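Participant: The structure follows.
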């Protein structure tokens, strides 16, 4: 997928999750 410039190491994807991104290997991907 495409990296969404948000990490999810300590907290889940927040803003980018609204854009359809999900956590994968500590990084939010679309």
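Each residue, glycine too, has its Cβ placed from N, Cα and C.
The feature disulfide bond is assigned by Swiss-Prot to 4-21, 8-23, 13-28, with experimental evidence given as support.
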Participant: Is it possible to get the count of other C-beta atoms within 10 angstroms of the C-beta of residue 23 (disulfide bond)?
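Facilitator: By my count, 18.
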Participant: State the three-class DSSP label for residue 21 (disulfide bond), counting H, G and I as helix, E and B as strand, and everything else as coil.
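Facilitator: Once the DSSP labels are grouped into three classes, residue 21 (disulfide bond) ends up as coil.
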Participant: Can you give me the same-chain residues 6 or more apart in sequence from residue 28 (disulfide bond) with a CB-CB distance under 8 Å?
Facilitator: 3, 4, 5, 6, 7, 8, 13, 16, 17, 21, 22
Participant: What does DSSP say about residue 8 (disulfide bond): helix, strand or coil?
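Facilitator: For residue 8 (disulfide bond) - judged by DSSP and reduced to three states - the answer is coil.
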Participant: Taking DSSP as the reference, which of helix, strand or coil describes residue 13 (disulfide bond)?
Facilitator: coil
Participant: Taking the Cβ of residue 4 (disulfide bond) as the centre, how many other Cβ atoms fall within a 10 Å radius?
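Facilitator: Result for residue 4 (disulfide bond): 21 neighbouring Cβ atoms inside 10 Å.
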